[in-house]
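**Student:** Here it is, the structure, as structure tokens.
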Amino acid sequence: MSRPLMQRPVMDPLFLQELQAPPGKRRWVACAARGLRWVARKLLSQPLTLRRDKLKFAGDSRGSRWAWGVAYRLLFAPLAMALVAGVLVFSGTHPQAAIANGDPASFGVYYDPVEFASGDGTRLTGWLVPVVDARRVLLHKDRLLHQKHPAVVLVHDHGQSPAQMLPLIAPLHEEGIVVLAVGLRGVGTVDRAPQTFGLDESMDVKAAVNLLRGRPFVDDSRIAVIGLGTGANAVLLAAEKDEKLFAIVLADPIVSADEVVASRLGPDAFGLRWMQPLTKWAFEIGYRQDVDEISLNQHTTVLTTRKVLRVQKATIENRLMAAPTEEIRKFCRETLRPWDHDVKP
């Protein structure tokens, strides 16, 4: 007997397109697709001139059945659109947890893992890098207990982790600055919480600043906050409410609310640009937030009255580049003046 011919498997292009989508959205997009397919089968697979036993309505004419069939389908169109908007919002605010590739110790820097509560009680984690090391303790001993140093808080982008800020930790530590890299809600949290592109995260930034202010080795009058992406927007919102923040660094901030909806919630990525207004509305209703607060033009007072460094194109594929890192280090050195706090031998 001859063997049956083996057919070459045909790869589904839709499957390939799904694999190329952001990992955090595959699961929710797949659920939405199944739901929409079910709706489509119910509403579109049958002709509009349905039999009377399929649609219960008054009237015997064929035109009447056709009109009711159209109305029946149009009735479900808003429901389908709301379903898509809800899935986009949920997937955008619950991205797949980023994998932390390394910690300060991998750069030869000592750190303390810390855990603290945000303003709404969400438990956060972070890396606290003190200035002093064993050599300085042996040299200066008790004098270091009363020495205060400037400090910075590092705030990562949406869907990332504190590891994104690792390229900044060692340079700032070498300058004599205390560093706290905070894991925002949804990433560095003990309690799972949605990510809101800087709106709720501003409470996380404020809590991190308060943590530093409570440390005896930190000069609370010389605290700066460095944010990347939506982390920069969280920094700006926190600075709006905290007049004591000495300086802020905004690296690749989100400029407008439309940019958040288009690039972070994802209508553009799935060819649904026309869904932007509905997606924005669904986000604001679901999380009781005003997306327009993210826009930079809403915070001109902070941008014009504080010490602010704004850095553009700081990352490539979510990785900090060398030139922006050096620019931020130089700004922190000149602004915080860590040498004024050094212990004299």
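Every residue, even glycine, has its Cβ placed from backbone N, Cα and C.
Pasting the feature list from TrEMBL:
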- 172-288: domain 'Peptidase S9 prolyl oligopeptidase catalytic' (DOMAIN)
- 70-90: transmembrane segment (TRANSMEM)
**Student:** Could you tell me the mean pLDDT the prediction assigns to the domain 'Peptidase S9 prolyl oligopeptidase catalytic' (172-288)?
**Tutor:** 89
**Student:** What counts of helix, strand and coil residues does DSSP assign across the domain 'Peptidase S9 prolyl oligopeptidase catalytic' (172-288)?
**Tutor:** 54 helix, 23 strand, 40 coil
